[in-house]
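> According to TrEMBL, the record shows the following:
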DOMAIN    9-143  domain 'EamA'
TRANSMEM  12-35  transmembrane segment
TRANSMEM  41-59  transmembrane segment
TRANSMEM  71-89  transmembrane segment
TRANSMEM  95-115  transmembrane segment
TRANSMEM  127-148  transmembrane segment
TRANSMEM  168-191  transmembrane segment
DOMAIN    169-310  domain 'EamA'
TRANSMEM  203-223  transmembrane segment
TRANSMEM  235-257  transmembrane segment
TRANSMEM  264-285  transmembrane segment
TRANSMEM  291-311  transmembrane segment
Amino acid sequence: MDRNNSTAWGLFNGVLAGALWGMVFLAPALTTAFSPLQLAVGRYLLYGAVALVLLLPLWPALREQVDRRAWIALAGLSLLGNLVYFVFLAMAVHWAGGAAAALIVGMVPVLVAVFDARRPGVLPLRWLAPALGLCVAGTVLVAWAALANPAGHGGAAGNAVVPVGQRLLGLACALAALLSWTAYSIANVVWMRRYPVISGHGWSLLTGVATGGIALLLLPLALWLGPQGQAPAQWLHFAGICALLAIGASVLGNACWNRATRSLPLSLGGQLIVFETLFALLYGFVWQQRWPGLLEGLAVLLLVGGVVLAARAHTRWEQRRG
């Protein structure tokens with residue numbers, strides 16, 4: 001595959017991953033009878049089971065490629081980018097609504113690009129400055145629009161007034177999730193490149209099996225600490241949401257993202273995470289049955305503009321390097 005086709009393939013998979021991942025921002029609002037830890041454990045138990053079934057036909061070819069060091073790395077990545085991130089994200093959505101979600105996904109490209117720009121021979125940070133500026137501005141506008149509204153704004157609280165202290169606690173959870181996801185984004189690319197013989201799909205399934213194993217260990221704790229007395233219908237609804245997240249967001253979304261990061265430079269791949277924000281906003285507006293406000297509309301334009309500028313910056317940089 002030539003460079004242009006590889007970039008187009010990477011961009012397509014990055015956007016598709018954002019569309020699939022955007023679903024997770026509605027899940028906490030749809031499962032208010034369960035705790036964030038229960039939702040995380042339920043989602044990743046199913047993710048692990050599905051990943052194990054899909055991995056079995058590939059295991060004979062992967063057996064010799066996955067050593068002890070790889071399993072340790074997969075376990076760490078599973079904790080960092082799946083369980084820890086999702087628990088903090090769910091708490092942020094419960095307590096801070098859309099502002100926290102926008103902050104999480106909006107600032108990841110900034111941190112990833114800053115980290116990548118420190119390496120020699122890659123796109124300098126000054127070339128990315130206009131794109132990053134648009135992403136930051138868009139994130140600020142989304143957060144401003146959500147924090148200016150004292151209602152739940154799409155979180156678990158619905159349209160109820162959320163106390164300032166609770167929104168601040170949700171913001172702290174959002175920041176924790178931001179740090180977790182940024183570290184995962186960087187570490188996942190590093191470890192995938194150390195095992196180039198493993199496909200993006202295979203790496204995603206291995207991550208799923210590792211995550212499922214950890215979720216199984218956490219199951220007793222989640223049941224003990226979480227709410228009790230849910231009706232059978234609530235459990236059935238909960239299982240359906242977990243299944244949707246496990247197959248759509250985890251298996252398919254992660255596979256798309258791994259294909260994207262293999263095909264794109266790290267800093268450009270980081271920019272594509274804003275599509276998770278855009279799809280999360282879209283799903284939220286559909287759920288709330290409303291159009292975006294002026295600030296939200298401007299934020300969408302800024303975030304998309306940031307991705308376009310980043311892609312053009314990488315094209316010019318590659319042409320300059322020959």
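Note: Cβ is positioned from N, Cα and C throughout, glycine not excepted.
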> Tell me whether the transmembrane segment (41-59) sits in contact with the transmembrane segment (235-257), defined here as at least 3 Cβ pairs under 8 Å among residues 6 or more apart in sequence.
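Yes, the transmembrane segment (41-59) contacts the transmembrane segment (235-257).
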> If we skip the immediate neighbours and take only residues 6+ beyond the ends of the transmembrane segment (203-223), which ones have a Cβ under 8 Å from one of its Cβ atoms?
35, 37-38, 40-41, 44-45, 47-52, 54-55, 58, 62, 66, 70-71, 74-75, 77-79, 82-83, 192, 195, 250-251, 254-255, 258
> Does the transmembrane segment (235-257) make contact with the transmembrane segment (12-35) through 3 or more Cβ pairs under 8 Å, each pair 6 or more apart in sequence?
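Output yes: the transmembrane segment (235-257) sits against the transmembrane segment (12-35).
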> Which listed stretch (12-35, 95-115, 168-191, 291-311) has the most C-beta pairs under 8 A with the transmembrane segment (127-148)?
291-311
> Which residues of the same chain, at least 6 past either end of the transmembrane segment (291-311), have a Cβ under 8 Å from a Cβ in it?
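For the transmembrane segment (291-311), the sequence-distant neighbours (Cβ-Cβ under 8 Å, at least 6 residues beyond its ends) are 11, 102, 106, 109, 128, 130-135, 137-139, 141-142, 144-145, 267-268, 271-272, 274-275, 277-278, 281, 285.
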> Please list the DSSP helix, strand and coil residue counts for the domain 'EamA' (9-143).
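Result for the domain 'EamA' (9-143), in helix, strand, coil order: 116 helix, 0 strand, 19 coil.
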> Could you give me three numbers for the domain 'EamA' (169-310), the DSSP helix, strand and coil residue counts?
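Tallied per class, the domain 'EamA' (169-310) gives 122 helix, 0 strand, 20 coil.
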